[in-house]
Every structure is written in structure tokens, then in C-alpha cells.
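Visitor: This is the feature table in Swiss-Prot:
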- C383: active site, nucleophile (ACT_SITE)
- H520: active site (ACT_SITE)
- E522: active site (ACT_SITE)
- S13, K191, T192, K193, P194, T195, Q196, K227: UTP binding site (BINDING)
- S13, D151, I152, E153, K191, T192, K193, P194, T195, Q196, K227: CTP binding site (BINDING)
- S14, L15, G16, K17, G18, I19, D71: ATP binding site (BINDING)
- D71, E144: Mg(2+) binding site (BINDING)
- G356, L384, G385, M386, Q387, E407, R473: L-glutamine binding site (BINDING)
- 295-547: domain 'Glutamine amidotransferase type-1' (DOMAIN)
- 1-270: region 'Amidoligase domain' (REGION)
Amino acid sequence: MTKYVFVTGGVVSSLGKGIAAASLAAILESRGLKVTLLKLDPYINVDPGTMSPFQHGEVFVTEDGAETDLDLGHYERFISTKMRKANNFTTGQIYESVIRKERRGDYLGKTVQVIPHITNEIQAFIERGAASATCGEPDVAIVEIGGTVGDIESLPFLEAARQMSLRLGRNSACFVHLTLVPYVATAGELKTKPTQHSVQKLREIGILPHVLLCRADRRIPDDESKKISMFSNVPEDAVISVWDADSIYKIPQMLHDQGLDRIICEELKLSPKDADLSMWSELVEKLENPKHEVTIGMVGKYVDLTESYKSLIEALRHASLHTSTRVNIEYIDSEEIEANGVDSLKHLDAVLVPGGFGRRGTEGKIAAIRYARESKVPYLGICLGMQLAVIEFARDVVGLKQANSTEFDSETPERVVALITEWYDRDGKVETRTEESDLGGTMRLGSQRCPIKPGTMAEEIYGKDVNERHRHRYEVNNRFVPQLEAGGLIISARTPSEDLPEMMELPRSMHPWFVGVQFHPEFTSTPRDGHPLFKSFVEAAFANKQARGVKA
């Protein structure tokens with residue numbers, strides 16, 4: 001039978017519940033347990049797919065095509081279990097499900113209320129999510145409850161967790177509470193009162209935490225831990241200090257050293273083997289002792305909020321681990337390039353344009369791509385970054401001066417990139433597809449396997465085929481592919497049934513390393529294995545640095 005660990009947060013948001021939950025999962029997995037994780041989001045949106053990156057950060061896409069919270073990316077990077085749609089749900093999904101049942105008459109005319117109907121539905125979603133784990137029936141399901149204790153939005157989820165713990169019985173569920181212990185500089189000391197009040201809020205609704213994870217900018221002294229223990233009614237050895245670390249991959253060892261996994265296993269009556277965190281120690285060793293160094297420019301419009309590119313940043317870090325290369329990322333606002341030109345790119349070892357939506361800043365990105373192509377600087381374009389690379393090539397090499405995407409110019413006569421409902425076929429006729437067509441609507445989501453053209457750089461990187469995740473509405477228009485190929489561009493991978501361009505590259509006779517991909521490879525990169533595309537990109541960046549005669 002699956003046992004549950006509920007992870008809650010107090011005092012303020014953004015303390016790192018997702019990292020804490022993922023780190024605990026990594027330790028338990030290293031002890032031979034099958035583990036899955038779930039994220040419960042209190043917002044009323046059905047999913048984060050249409051939420052602004054400035055509000056929500058990255059949208060992480062699962063293999064089965066769900067648009068989910070970025071914490072699911074942390075989960076997949078820390079453990080081997082893959083996440084699915086069922087691993088993340090929101091208040092919006094819960095209410096949508098309950099209202100649908102009420103309309104069907106499932107409640108037999110009863111008054112539908114938060115308790116028991118909403119809380120019962122939350123429990124059903126939790127158990128369904130745990131049961132859908134790709135590792136088979138998990139020994140432990142770690143459930144991260146979003147928001148902050150005391151917020152009205154989180155109350156139904158906390159109440160559902162309390163009821164579920166009671167229903168499952170002793171030693172079947174436990175609670176881990178992450179809270180802030182701030183350092184007040186004027187007083188010169190850490191303050192425990194916010195933590196005391198946060199635990200008090202939990203106890204008011206009937207939840208007694210078994211473990212406190214106390215976040216601070218430094219290790220919490222024993223005297224303060226004893227004080228927290230006494231006022232929170234939590235054993236002293238279960239008051240665990242979580243201080244700021246320069247790498248999230250140090251957190252599993254930090255928590256294990258203080259006995260978190262031992263406490264959880266004792267509470268849940270589990271007797272697994274000892275933890276083996278040697279992999280994490282090796283990763284940290286590689287991280288702290290690189291042999292080389294490169295600087296990669298990430299050109300985008302969300303550069304002030306790096307949470308928007310969380311998986312991409314981590315994928316570059318993974319590549320740094322597996323190439324013994326420190327990767328310095330410079331975030332460059334594409335609108336600044338539009339205003340000031342490409343001089344800010346000239347010291348870079350490589351250029352990357354990530355995915356995105358909307359017209360703002362696109363001409364700056366295209367200017368950066370032109371610079372990378374003409375200056376022989378390694379270039380990686382992801383999703384929109386590939387589409388813009390195709391547009392730049394069409395304009396500046398093929399001579400299609402009005403080449404554009406209908407996302408940015410709906411009237412352009414040279415629709416090099418377009419919605420699937422806006423394509424022109426080879427005869428110049430509009431090719432229309434509807435919701436009933438094989439591709440569904442205007443957004444392509446989830447994993448798809450595609451064959452790779454032999455003899456290409458893509459084959460050197462991936463092998464015979466590529467299986468990656470997608471999240472996009474627009475595609476390269478097949479009508480223009482013959483002209484692009486005549487200009488030298490190579491379509492190195494296509495979807496097997498629709499023949500859609502998935503990867504493009506320039507031959508080495510034109511450029512040493514210029515690759516665009518329609519999918520999002522960052523979603524499948526892990527610290528354990530890295531990712532072949534990002535490893536190749538970082539190696540190309542270092543080769544470019546050496547070729548320019550810059551000291552490594």
C-alpha cells in the first residue's frame with residue numbers, strides 16, 4: 001500500500017518546497033523505494049498553460065502532453081519516475097470535476113459543499129495520481145501542497161490532507177512543513193517567531209507536522225532549533241536546518257545528513273536499505289571542479305525572470321557537468337538588441353534563442369541569429385528559436401525579404417511559419433485542419449518520436465531517431481522547404497506521419513554548429529545523464545572559444 005508524505009509551506013512563498021520534496025524523493029529512491037510526487041496548485045486556472053511567465057514562471061510539459069507546474073521539472077530531474085498529467089492538479093480542475101458530477105446527478109440532489117465534496121474529490125485526485133505512477137505502485141507518494149499555510153486558497157487542500165491522513169490510519173501518512181527562519185541584521189540573530197506562528201496555523205486546522213524544514217540563509221544554531229522544537233511540539237531531531245546552497249544538487253545530502261529520510265521511514269514504518277547518495281556527491285564534485293569555461297548568451301524577452309527558463313538553465317548546467325565545463329549564462333534582452341545592435345553578443349562563445357510566444361522582441365532575436373550565422377558562432381534555437389532561424393535564413397540567404405510568421409504578421413505573403421490552419425500547400429492553396437484532424441487543435445503537446453536524416457549533425461547527436469516533447473502552435477510551412485533546402489538549409493528530422501520539420505541545421509561547409517529544434521529538449525535533461533543536444537552545444541561553444549584564441 002502506498003504511503004503519503006504531505007509537504008506544506010509557511011510564512012512566505014518561494015521557499016523551495018519543490019526542491020525539498022524532490023530532494024526527499026531522491027533520498028528515498030536511493031534507499032530502494034519506489035517514489036512518485038504530486039503537486040497541488042491552489043489557483044483556479046485549470047492549468048498554467050495560458051498564464052503569463054511573469055506570474056507563473058515556466059510551464060513544464062510532461063510526456064503525455066500536460067502543461068504543468070515547473071516543480072514537476074524538478075521532480076523528473078531528481079528521480080527516475082516520469083511525471084504525467086495526473087501528477088499535477090489545480091483548484092480549477094477540482095471544481096470543474098465536481099460541477100460536472102453535480103450536473104450529471106452523481107450527488108443525488110444533495111447540497112454540494114467544500115466539505116465533503118471538494119475535499120473528497122481532492123483525495124480522489126491524490127490517490128489517482130499516485131496510482132498512475134510510471135514506476136508501478138509506489139511505496140511513497142510525496143504530495144506538495146502549493147501556497148502558504150494561512151491562505152484561504154490552500155484550506156481545502158490542507159483539510160483534504162488532514163482527512164486523508166485520518167482515513168488511512170497511523171503510519172500511513174506524515175507531514176513535513178517548510179518554513180522561514182529569517183535573519184534580522186539589526187538584531188544580529190535568527191528569528192523563530194514566524195515559524196512558531198506558521199506551525200500554530202497548521203495545528204489550528206488539525207495538522208501536527210512530524211518534521212520542520214527551517215529555511216535560512218545560514219545553518220540554524222542548536223539553541224534556536226531547541227526553541228523551535230519546544231514551541232512547535234516537534235522533536236528536536238525533526239527540526240532540520242535548510243540553509244542557502246550554491247547548488248540545488250547539494251540539498252539531498254544536506255537533508256540526509258540531518259536524518260530526514262530516517263525520520264520519515266520510522267514514521268511510515270518502512271525499513272529500506274541504507275541511502276546511497278554517491279551519484280549526487282559525484283555530480284557536486286564535477287560541478288565544483290570544471291576544466292573549461294564558456295559563456296553562452298540566452299537571447300529572450302523574459303530575461304529578467306529566469307524562472308521562465310528553469311528547465312533550460314538546468315539543462316545547460318547538466319551539460320556543464322558532463323563536459324567538465326563551467327557554463328556562464330548571460331541573459332540578453334532581445335529588445336535591447338533591436339535598439340542597440342549586436343555588439344553585446346561579440347564576446348559570447350555561443351548563442352541560444354529559447355522558446356516563446358508573441359511579436360515583441362522578435363526582430364532582436366532575428367538580428368542575434370543573423371550575427372551567429374554570419375560570424376560562425378554556435379547557435380541553438382529551440383521552438384520559436386528554430387522558427388526565427390528559418391525566417392532569418394529565408395530573408396537573408398534565400399531572398400524571401402517578406403518572410404515571416406503569421407504569429408507576427410498575419411498579412412505576410414511569405415508565410416514561412418504559420419498555424420496548421422493557415423498553411424499553403426505546394427499549389428498555393430490554403431490547407432485547413434480542424435479539431436477533428438489528426439494533429440488536434442492549434443497546440444501540439446507531449447512527446448513524439450521522429451526519424452532523423454542519415455549523415456546529418458542531428459544523427460551524430462541523437463542517433464537514428466529523436467523522441468522529445470513539444471509545446472507550440474506554429475510550424476515551418478512545408479511550401480517553402482524546397483527553397484530553403486536549395487539555399488543550403490538541411491531539414492534533418494521530420495514527423496513520420498505529417499512530414500513536419502522537427503530539426504534544421506546548416507551544413508558544416510556553411511557553419512560549424514547551427515541547429516534548430518521545434519521541440520523542447522530541456523524537458524528531458526537530467527543531472528544523471530545530461531542531454532546529448534546540450535552536451536554537443538557546450539562542446540561547440542568551447543571549440544569556438546579555442547578557435548578564437550581565448551584562454552579557456
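Cβ coordinates come from backbone N, Cα and C, glycine included.
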Visitor: What does the structure give for the C-alpha distance between I19 (ATP binding site) and E144 (Mg(2+) binding site)? Integer Å is fine.
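Guide: The separation of the Cα atoms works out to 10 Å.
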Visitor: Given the ATP site residues S14, L15, G16, K17, G18, I19, D71, which other residues of that chain have a Cβ within 8 Å of the mean position of their Cβ atoms, reported in sequence order?
Guide: G9, A20, A21, H74, E144, L178
Visitor: Using a Cβ cut-off under 8 Å and a sequence separation of 6 or more, which residues in the same chain sit near M386 (L-glutamine binding site)?
Guide: V476, M503, M504, G516, V517, Q518
Visitor: S13 (UTP binding site): which of the recorded positions E144, L384, Q387, R473, E522 is the nearest Cα neighbour?
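Guide: Result: the closest of the recorded positions to S13 (UTP binding site) is E144.
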Visitor: With a 10 Å radius around each C-beta, find which of these binding-site residues (G18, P194, G356, G385) has the fewest other C-beta atoms nearby.
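Guide: P194, out of the binding-site residues G18, P194, G356, G385, has the fewest neighbouring Cβ atoms within 10 Å.
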Visitor: For the domain 'Glutamine amidotransferase type-1' (295-547), provide the mean pLDDT of the predicted model.
Guide: 89
Visitor: How big is the Cα-to-Cα gap, in Å, between C383 (active site, nucleophile) and H520 (active site)?
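Guide: Each residue's Cα considered, C383 (active site, nucleophile) and H520 (active site) end up 7 Å apart.
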Visitor: For the recorded positions L15, I19, I152, C383, L384, which one has the sparsest Cβ surroundings, going by other Cβ atoms within 10 Å?
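Guide: I152, out of the recorded positions L15, I19, I152, C383, L384, has the fewest neighbouring Cβ atoms within 10 Å.
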Visitor: Quick one: what's DSSP say for K17 (ATP binding site), helix, strand or coil?
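Guide: SS state of K17 (ATP binding site) = helix.
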Visitor: Can you list the residues of the same chain, besides G356, L384, G385, M386, Q387, E407, R473, whose Cβ falls within 8 Å of the L-glutamine site's Cβ centroid?
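Guide: Here the non-site neighbours turn out to be G355, F357, C383, L388, S405, V417, H472, Y474.
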Visitor: Taking Cα atoms as reference points, which of the binding-site residues Q196, K227, E407 is nearest to S14 (ATP binding site)?
Guide: Q196
